Amino acid sequence: MSLHFQRKKGAAADIKELEYIIALHQTIPRETATISSIDVHRFLQSRYALSPQAVSQSQIAELLRSLGGCDDVTSTTKGSERIHQSQLQSSVLPSPHLPESSIHAVDDHESVTGEKQIICDSDGNNITERNENVASDRIHLQTLEHAACQLDEKMNETTTRQAVLQNDRPNNSHCQLDLVQIVSLLLIPTFAAASIIRRDGVKPMQLPPLRGDSWFDFLLKCLDRLRAIPILSMYVAYESTLPNVHFMAHKWRLLVTGDDNSEITEETVRRLLLRHGEELRAKDSVLVKEMVELAQQSNSGRLNAETWLHVLSADLVEWNVDSETDLSSFFQDVFGGSDPGEVFVMDRNLDVEEAEQSKKELLVEPHSAFSICVKKKKGVQVFRPERTNIDLVVDTHASSFAVVLVWLFYLFGFIVYGSLLVITIYGANWCDLSKFSCQVSSTVVTWAVLAVLLSVAGVFVIAPMSYGNNPYRSNVFRTISSVTFSAVYGCIPLIVVRTYEDYDKDMRKIVEGDAFASGQAITLAICVILVAMYVSNLLLSWIRSIVSVKFRALRYFLSTSNVRGELCLKYAASRKMNKMIENARLLHRHRQRRSKVAEEGQRSSQRDAFRSFLGQIEQYESCGGFFWTWKRVFNGDLLSTEGVWINTRLIIMQVAQVVVGVFFAVAVLLFVTTVADEAEEARSSLPADTPTWVVDLFPTGAMIKRSFYPSAVLAMVAELFLILIYIPSATATVLKYRSQVLPSFRSTYFYKYRGGVDSVYTNAANGVWCMIGSAILIFFIFGIIFFLFQWPYSQKVMLLILGWSIGLSVTIALKMLLTMGCRSFQYRSFFRIRPGAARVSSLALECWYFGLASSTALCRVLQFLLAAALWVGRIDVNFLAEDVNFLGYGFDYVPSNFVKDLLVHEAHRHPYMERLAQMYLMKLKHPDSFGTRAGAAWRQLAVVALFPWMTQYRVLENQMDQNEDDDISLESDGSDKPLDLYEATQQRLQVAVDTVRQQDPRELLYQGADHVQEMVDKVEHRLVGARMEL
């Protein structure tokens, strides 16, 4: 697989990456580009350890409905009514601000517990922004939430089972988001940021104040310049995440409305919905009324720029716009600086009198579905983040370097001390090892004991030593625990081995050897470094708590690796969404004039956008490569711009490869020296009357050194190549999937990667051992070849082969020159421009090649052997094709596990996946105030207008899919009834035909008529289907 490739750019690249995201998010194969509530539930379970007892699949379905999914008016209305009725029946004191779409009000089983306050924002600011009635309702809600801390554990368990059974009813437990709705969710931070920037402006850059003019102030100025360097770089990163507010407020609005200042009425909103193909929503009078009410909150009465930004962001006030550039994790952006294990479900069905008698403090944000108690209480946790410090899938670590050190300590410790146990077990006198049956049984027992020792040691060594590497819980107890375990595991085995005396002769030789002593020293040194790192992490966490927010650069270097990585992912997500908007803007700008838009509405703009989109499909850019990747790794663009997360398992494998490679190089050199010395001793021990031909059978030490030292160098070069190639290869594979160079969505090959993802645990060990195997093969292959050139009995034959090879190579070179000359003068593509000469030359070369074909066979054998020797060490790419199998067994299945590991991390750490998870969590935390059906409908209108090519992925109930040329303006006759399905299809067909007729022939030559004809064929096919239905 080549590292350098060509990927699509522009809007076509955006579509391909969105298809890839859907393929990652889907947990079952699905033909439509949709994400179901089951997919979301499983994603949150895997990413944030969401508890099914706290949030069920039916609640997730209601979450997606309130975010604009599930375009089924009947089911949505019934579901909302059922929730509302259940809510009123279960509430002790009904609150007027419990919404119909709340996914938490229905759950009588949800309880509240916790440890500390995670909501740091003051309620005073919110009260001043709302009226007195809302303030009184908030106090009432806090009273109910205050009572949640007194719920008994038995009542929790009983009501939990009842609510789970109620919520898992099939009629309300399934919902889907299509591509348009997914993009509208991804654009939520962009819409919120645009509204804030238009109102308050861009945040200015805060540089250190100017100093005086004295000589001492000159030194301070130098220090200020040094301080300004990280501030400038961070401000540049901040500016790169800002949206194009002017385009969003004006041009984008015109794409939706087609009018500069239209009046906001139900008829206007209904016509907009029909114009953009939202016939199902146009029938929903409740939704239309809510959209009008949302727009009229701006008090302008017309859909101008201010009203447009208002409808896009009015229900997003809970979203903190500054979090996109804050030095915090994704989870902290939603729940504050708390541990995921401290978030508990709020139960509103409690006695108020019991709440008044409670003296425990409960602090919860208004409209929040979760609450935190200051003292620990028993209840239903929303998240169960057990053992996140050993998670190599999501990579939530306070320090990735600490993870690498723990694994190195484990590997060295087992090699040094575990090898003694294995040797003791294998050498035990259980039976006569001279018998084959005894050898087999001893081997089986040894490998079984090895498996048990490795597993048990891994669990009881790595887990306790990683206890203090939690990014959310950094306290003295955890640090002391990790330091204690590290000291125990590092010192106790050393003391036991040094003090134990009852060794046999062979074991004592091993224990007292220099190699064993060096291994003990290295293991102890790793332990000391790990202890020092844990202590320093504790100090850094304390310093972070006292360092002012103004010292952002210092806080960046003091922060955890998880926070720094997620900050870069935030930058990548914002930049990708801004780039997506810019790509669409450039397509709409093609031949677009404001007067034309105002006159013809959406039709002209989207028609030109479609034409430009078809022309953009064949545009590519260079991507990937060895130096391309490493350059972006070192300057940070790989994570902050491309959004490619280098997972910790790959880093562990790479570090282990470096360490093992160094030891292998030293061992090989010692091996060659030892063998050469023994060969010299063997020759010198021969009797003086030994015949010469017998003496020549024994190689000299110089022969061995001249043969195997160069092969050792080649083996080291191969190791270096294998070590340096994995990160570029992994990056290229990820980017190829994102650009659909490697297919994912609707790909049969991609389906198989969803199965057996637990096999990714084999990658780290495979990478190390396969590298050793490749180095050994190269070492012996080239060493034996070099040796045969010096051994007297094979030297003549090898020189003869070398002479034949040189002569054959010269002949092949002549043949290639003749072939190139004949090809250039006689052929053009598939055709012969000089048929007579081509016949003669082809006959001559074909006859000649019967004598040279043997060289091809020899070359193929040598190439395959050498390539196999090197590709044995590469677990990232296939050496044999995926279809090469026998009776279902794939001979080269190891690379599929490597690809699975990359896809698993992409499913958790892709910038779009992280942003979607944030939106899901925000809706879970603020079911009342974050995201409404009306706001989602406005945002989806914006997406359809700016990205009309996404309508082909639209999935609506009782409605056919939108085709690529959905750029029609459905004119209404003044009634609420939308156009007939047959008429709408005929209109789409007519627009497609008009598009073909109005094409400029020169432009058609450039774009390709096949694309337009394919579009027309699809519309005609759908027209026939519509006629059959009618």
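The count begins at 1 with the first shown residue.
Backbone N, Cα and C define each Cβ position, glycine as well.
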Among 479-500, 853-874, 941-962, TrEMBL marks as transmembrane the stretch 479-500
Touch test for the transmembrane segment (401-427) and the transmembrane segment (708-727), at least 3 Cβ pairs under 8 Å: no
Outside the transmembrane segment (768-791), at least 6 residues beyond either end, the same-chain residues with a Cβ under 8 Å of its Cβ set are 653, 656-657, 660-661, 664, 668, 699, 703-704, 706-708, 710-712, 714-716, 718-719, 722-723, 797-799, 802, 865-866, 868-875, 894
Beyond a gap of at least 6 residues from its ends, the CB atoms lying under 8 Å from the transmembrane segment (520-543) belong to 398-399, 401-402, 405-406, 408-409, 412-413, 416, 465, 468-469, 474-476, 479, 482-483, 486-487, 489-491, 494, 497, 558
